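Chemist: Straight from TrEMBL, here's the annotation block:
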type	residues	note
TRANSMEM	24-42	transmembrane segment
TRANSMEM	63-87	transmembrane segment
TRANSMEM	107-134	transmembrane segment
TRANSMEM	155-176	transmembrane segment
TRANSMEM	196-218	transmembrane segment
TRANSMEM	297-322	transmembrane segment
TRANSMEM	353-372	transmembrane segment
TRANSMEM	392-409	transmembrane segment
TRANSMEM	429-452	transmembrane segment
Amino acid sequence: MEGADYEVLSVREQLFHERVRECIISTLLFATLYIFCHIALTHFKKPAEFTTVDEEDATVNKIALELCTFTLAVALGAVLLLPFSIISNEVLLSLPRNYYIQWLNGSLIHGLWNLVFLFSNLSLIFLMPFAYFFTESEGFAGSRKGVLARVYETVVMLMLLTLLVLGMVWVASAIVDNNKASRESLYDFWEYYLPYLYSCISFLGVLLLLVCTPLGLARMFSVTGKLLVKPRLLEDLEEQLHCSAFEEAALTRRICNPTSCWLPLDMELLHRQVLALQTQRVLLEKRRKASAWQRNLGYPLAMLCLLVLTGLSVLIVAIHILELLIDEAAMPRGMQGASLGQVSFSKLGSFGAVIQVVLIFYLMVSSVVGFYSSPLFRGLRPRWHDTAMTQIIGNCVCLLVLSSALPVFSRTLGLTRFDLLGDFGRFNWLGNFYIVFLYNAAFAGLTTLCLVKTFTAAVRAELIRAFGLDRLPLPVSGFPRVSKKTQHQ
């Protein structure tokens, strides 16, 4: 009997040490993400809001910035969640009995999925609304001014918002599934209400990814073209430098001799234009000093990589559409236990797993590019050292919605066979064949349409500029005809 008790105690002690080890590893990972996100937000925040004379406003903004840092760290963790799980599985397959990777197991991965799900709910439902109301609050009328008065007002507003959202979700559930059991399940706040609400938010994020990712895939070519030095066939840097110098000289003369023009001049606007031209000229000088390897090899290789990754993404989605029609196992589903290190989730082994990870990151970057390129969210784009606090909160919320939907998005499109862990696999709409099939078909169709339209237009425009046809007084498609008045000027 004593031996059995000793074995039970040793097992409990081993489980305790494993839980402590998992907590330490999770804390270290999140602390690393938090520090990185804090540095990033520090470079985008508006310094005037944190060095104001009013210490109360500065304190409120600092608290809100920490909440935004926490939310952005959770968003980054959601982006790394699926790639980290895929790589961990391949590492355990390659080194099954290595002593130095004993800490990497299914329990740790499953715990990370649950933590990301929990913190995503916490950030979207409580922290970010609190941060917004906190920055906008002033305290109740008649109360003493201070940070505590703002906290009271924010808590009251948050409670009212919670009641409003709870009522809306209850009504929506009654409309969609009008039975007594579904309505009574909403009274279980933790087990049903929060996952149901997060399921709605995740579905909204997946729809947002469906719209932004094809647009971002098309925009990636133009964004990369602006960052890299193009070959001389596609751009004439000498001519751009001369034009920039002439424009700067003309604006400088107008600033030095404002009386020579009979129209009223906006001197502040002219100064901003001169600074923009000077910045552009510095960038053009750097591009002109680029080596021949950067000019003739870097740009074509980058365009080729983008084209291969985009084509591969569309091909995988097309194959997944066919698998959905043939095999029921292709449907996305969740699993409660993470059985890692037993089988590879790619038919190509470790090489296929690396391709999956690269595609997941590529689609996430493309979705962010498409999100900030869309006319609806273009005004939300953060600016270097000139982003207001409310704008930072809006960016963090949008990035968290996009990133928390990325695992579901990747599994729905068939980019990976890694099943969703924890509460990520409890979404009801994942089991609907028509929703999953139409989603895959819409993604493939929208991506192909955006690529064909953007690529053909970009190639046509670049060829016209390279051969100088845009300067001819001919009605060339894509360029307005140059009038005689403009030619004489």
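We number each residue from 1, going along the chain as drawn.
Every residue gets a Cβ built from N, Cα and C, even glycine.
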Chemist: Sort out the residues at least 6 away from either end of the transmembrane segment (196-218), same chain, that have Cβ-Cβ distances under 8 Å to it, and list them.
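Modeler: Residues 117, 120-121, 124-125, 165, 169, 172-173, 186, 310, 313, 363, 365-371, 373-374, 401-402, 404-406, 408-409, 412, 423, 426-429, 439, 442-443, 446-447, 449-451, 453-455.
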Chemist: Taking the transmembrane segment (429-452) as the reference, which of 24-42, 63-87, 297-322 gives the largest number of Cβ pairs under 8 angstroms?
Modeler: 297-322
Chemist: Is the transmembrane segment (353-372) in contact with the transmembrane segment (63-87), using three or more Cβ pairs under 8 angstroms as the rule and ignoring pairs under 6 apart in sequence?
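Modeler: Checked: the transmembrane segment (63-87) vs the transmembrane segment (353-372), in contact.
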Chemist: How about long-range neighbours of the transmembrane segment (24-42): same chain, 6 or more residues beyond its ends, C-beta under 8 Å?
Modeler: 65, 68-70, 72-73, 76-77, 103, 108, 111-112, 115, 392
Chemist: For the transmembrane segment (392-409) and the transmembrane segment (107-134), decide whether they are in contact, meaning at least 3 CB pairs lie under 8 A, counting pairs 6 or more apart in sequence.
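Modeler: Yes; at least 3 Cβ pairs under 8 Å.
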Chemist: Can you work out which residues elsewhere in the same chain, 6+ from the ends of the transmembrane segment (297-322), have a Cβ less than 8 Å from its Cβ atoms?
Modeler: 217, 220-221, 224-225, 228-231, 234, 330, 355, 358-359, 362-363, 413-415, 437, 440-441, 443-444, 447-448, 451
Chemist: Below 8 angstroms Cβ to Cβ, which residues of this chain, lying six or more residues outside the transmembrane segment (107-134), approach it?
Modeler: 18, 22, 25-26, 29-30, 60, 63-64, 67-68, 70-71, 74, 77-78, 81, 84-85, 88, 150-151, 153-154, 157-158, 161-162, 165, 194, 197-198, 201, 337-338, 340, 390, 393, 396-397, 400-401, 404, 421-424
